[in-house]
Amino acid sequence: MGIKTALPAAELGLYSLVLSGALAYAGRGLLEASQDGAHRKAFRESVRPGWEYLGRKMDVADFEWVMWFTNFRNVIVFALSGHVLFAKLCTMVAPQLRSWMYAVYGVLAVVGTMGPWYLLLLLGHCMVLYVASLLGQRWLCLALGLASLASFKVDPGISWQSGFVTGTFDLQDVLFHGGSSFTVLRCTSFALESCAHPDRRYSLADLLKYNFYLPFFFFGPIMTFDRFHAQVSQEPVRPEGELWHIQAQAGLSAAAIVAVDVFFHFFYILTIPSDLKFASRLPDSALAGLAYSNLVYDWVKAAVLFGVVNTVARLDHLDPPQPPKCITALYVFGETHFDRGINDWLCKYVYDHIGGDHSTVIPELAASVATFVVTTLWLGPCDIVYLWSVLNCFGLNFELWVQKLAERGPLAQIEARLSEQMSRRVRALCGAVNFWAIIMYNLVSLNSLEFTELVARRLILTGFPQTTLAVLFVTYCGVQLVKERERSLALEEEQRQDREKLE
């Protein structure tokens, strides 16, 4: 019943045909809806003039995307280009000092952007966690880290500390929350690693060099301290062919930015959900496509942002966390995350520490609850985040409960009688149901509870059985294609390992 079970080529071809046709049909419905709603009064704030020579308006509902790649694009490019230039000069002249150069440039960038008082505020938090690390008590470091994080997420702490920022500008809140929150996680990682390795005697300078690395400072991704320290301490030697991969990644990120810009001139996927009266008139296929595309866009946004940052980090001879796994390939709650760096941090210091190998029910429940408590604090406590955390925590545990149930009793006997191909089909069907649970649970936080209720009601209640079964079958086809991709990768990895053994 393993991952290497193959299906007939004709069957996979049918799945590809069905999935392609369904996506094209849903896309056409969204395109028509976007054209019909372009001049609605409710769309005026978030659908602005775009390609006037083609008569196309543009969806600008995502404040962060507009800020990053329109208003503040030149500032971001200038700051990162300066970092790359000085890093290259330092690597050529004094490679042993490059980590200091990273820190000095990062500190200057933070002071120039947010002001000296904001820098002093962050240094205060760094000092608190550094002193805690000297005591060698893991629980104390984690408790102080969470308390420090809470001070940036709830009042009165957040109101008081936001006053340390000098000046006002459009991206100020985003930079404040990003820089502060990531600083706390990095300092907590430093403290926990110091407790885990008391023989290594990390210094305050190591913490500052780690925290003020500019490409990761405001938006992440976060690297745990042990990985960053090990990589930045190595001699900067670039493997053969790596520069080509860096250029390819940079080109891919640029192409994705252009593709999103083009997409938003034709599909108003972020604006339509805000007008429930208009969204409720969409055909079922277009509504399902709208829900799916909202999650895909969030993944693309994360992949582009981390792709740009990771390109700079790779030029600095670092191996940063990879972009998140595409939502299209997710049919298991255990693999669902939109920030691989945060996911790695949570797994290392909370989830795996409590849950062990995640094979027993009670430790897994305790580990997942603790993980989502920290995640709730990271995202900022509010009703929507509470609901999102409860739903995803339930989904993660429900998978284990179903797995345990399937391993014993009648279900295990039934599966044992099935062929490997039929077992794969049954599991793909379960994966299709899980896929839509993942979409619904995350749509709550990415969009709104009201829009999620509309989608659920249309796809499950009023659309039953035709729409429900049609969407489920299309999703089943997609899951089978994802499984086939996973099978191919597993075979390639096995062949690579066999070649290494022969060599």
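Every residue, even glycine, has its Cβ placed from backbone N, Cα and C.
What Swiss-Prot annotates here:
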TRANSMEM  12-31  transmembrane segment
TRANSMEM  65-87  transmembrane segment
TRANSMEM  100-122  transmembrane segment
TRANSMEM  127-149  transmembrane segment
TRANSMEM  250-272  transmembrane segment
TRANSMEM  287-309  transmembrane segment
TRANSMEM  426-445  transmembrane segment
TRANSMEM  460-482  transmembrane segment
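Listed stretches 12-31, 100-122, 250-272 were compared with the transmembrane segment (460-482); the greatest number of C-beta pairs under 8 angstroms is found for 12-31. Listed stretches 12-31, 65-87, 100-122, 426-445 were compared with the transmembrane segment (250-272); the greatest number of C-beta pairs under 8 angstroms is found for 12-31.
With a threshold of 8 Å between CB atoms, the same-chain residues lying at least 6 positions outside the transmembrane segment (426-445) that come near it are 1, 291-292, 294-295, 327, 330-333, 336, 379, 384-385, 387-388, 391-392, 395, 399, 402, 415, 418, 451-452, 455-456, 459, 471-472, 475-476, 478-480, 483.
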